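A short worksheet on the structure shown next.
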Amino acid sequence: MIPVQGLRGATVAVLGLGRTGMSAARALRAGGALPLCWDDNPDARARAQQEGFTCTQLSRVADFDDIACLIVSPGIPHLYPAPNPVVRLALQAGVPVDNDIGLFFRSFATNAWANFDTAPRVVAVTGSNGKSTTSALIHHILEHVGRPATLAGNIGRGVLDIDPPHDGEVVVLELSSYQTDLARSLTPDVAVFTNLSEDHLDRHGGMGGYFAAKRRLFAEGGPDRAIVGVDEDEGLFLAGQLAEGRADDRVIRISFAQKLTGPGWQVFARKGFLSEYRKGKQIASVDLRSVPGLPGVHNHQNACAAYAVCRSLGLAPKVIEAALHSFQGLPHRSQLVGQKDGVRFVNDSKATNADAAAKALAAFPSIRWICGGLEKDGGMDALRNASASVVKAYVIGREAAAFAMKLPVEAEICTTMAQAVEKAAREAEAGDVVLLAPAAASFDQYDNFEQRGDDFMQEVAKYL
């Protein structure tokens with residue numbers, strides 16, 4: 001655990017007592033603060049009280065008179081579509097609102113670092129798609145070369161649950177827009193922006209607010225090194241804003257769609273090969289086609305981002321290349337479940353928006369596509385030019401009929417995962433891929449995308 005610094009003796013309100021909220025409450029108490037907790041769920045309050053925390057509902061502005069700050073869990077709205085009532089009261093009372101990420105950055109560095117040979121560093125990864133794979137890949141490469149590393153944030157452990165860093169350790173954080181939007185302190189040493197597509201728009205008031213939330217990771221003077229995907233206008237703009245000039249190699253531009261040129265530092269993937277250029281000269285080339293854990297061009301972008309981070313941390317190209325080949329990938333992300341009679345079954349349940357699904361569809365030549373669920377803001381436009389490889393779609397979800405009508409391919413309404421897998425497997429021919437890439441949220445039928453992916457794998461197991 002990382003004890004929270006700078007709040008000893010202060011009363012700190014904690015709103016939301018799930019994994020993140022309880023982690024913050026424990027870290028606050030370990031640092032000498034006095035957590036005052038609340039959750040609308042009585043079971044969550046009971047669990048907190050069993051750990052000795054005081055639970056009190058804050059229902060008036062006057063209730064905040066003696067409170068130093070309010071810590072909010074990421075699932076609780078603080079602005080859009082409307083602030084949670086407790087958040088609104090805190091703002092009216094002039095009480096700062098923060099989250100566990102802000103507490104982490106204010107508490108990460110300690111006096112113990114004076115005895116370290118190499119100061120610990122923080123790598124933070126954000127973006128719409130590819131955050132988890134990029135973060136896990138960075139962590140894997142560092143572990144492969146024997147460098148101490150910890151994976152936390154939106155993946156792995158909570159940021160305040162990790163141990164205080166060791167000499168030379170690298171902490172890799174995956175950060176969502178919910179986390180970057182609210183954190184009062186964001187000071188990573190290396191920051192990564194993978195890409196941007198329409199997602200979570202209700203929580204950010206539109207694309208402008210969504211991009212602004214991601215961009216906050218690069219504020220406060222900026223990180224020592226910024227790795228920025230430039231295949232969308234927002235990334236191109238961000239890289240231009242951060243760089244002092246064309247040759248400023250504090251910004252590493254990455255792409256999986258174009259060859260990058262210029263005197264700066266670039267890493268891009270074309271036709272399955274990753275290339276690194278610096279000051280106009282090629283430094284290295286890596287064949288990504290034979291890396292089993294990174295199928296598809298969308299994963300080549302993740303490889304470019306992870307490669308750029310590790311190069312900025314001083315690792316040699318050949319060392320990084322060797323580590324790429326031992327990466328197994330993540331569950332529910334282009335995950336090969338099995339194969340029978342020449343038909344492959346791939347679980348990409350994490351493809352929860354149209355852009356992510358479009359990238360998954362681009363990875364395979366002949367697809368039996370299982371999709372559907374709760375459609376997200378932003379619509380289905382990204383799928384219009386990505387369906388050439390789809391033989392047929394099998395649509396699940398409570399609103400399967402409406403979802404199917406928006407697809408640019410032949411679609412059959414299946415409603416349940418069991419029906420979809422059974423029909424897709426029965427109709428598939430050798431060379432086909434039965435792909436779960438929902439292009440939608442899971443909450444109409446499942447608790448989360450992991451449960452949806454597990455259901456797919458269980459149904460596939462019956463067929464194999």
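A Cβ is built for glycine as well, from the same backbone N, Cα and C atoms used for every other residue.
Here's what Swiss-Prot has on this protein:
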- G127, S128, N129, G130, K131, S132, T133: ATP binding site (BINDING)
Query raised in the report: Out of N129, S132, T133, which of the binding-site residues has the smallest number of neighbouring Cβ atoms within 10 Å?
Result: S132
Query - Set of same-chain residues at least 6 away whose C-beta sits under 8 angstroms from K131 (ATP binding site) - result: V125, N154, I155, E174, L175, S176, T194
Report summary line: Sequence-ordered list of residues in the chain of S128 (ATP binding site) that lie 6 or more positions away and have a Cβ within less than 8 Å of its Cβ, or none, is T194, N195, L196, S197, E198, D199, N353, D355, A356
Query raised in the report: Is T133 (ATP binding site) helix, strand or coil when read with DSSP?
Result: helix
Query - Chain-internal residues, separated by at least six, CB under 8 A from G130 (ATP binding site) - result: T194, N195, H298, N299, Q301, N302, A305
Requested in this report: Starting from the ATP site formed by G127, S128, N129, G130, K131, S132, T133, give every other residue of that chain whose CB sits within 8 Å of the mean position of their CB atoms, in sequence order.
Outcome: V125, T134, T194, N195, N302
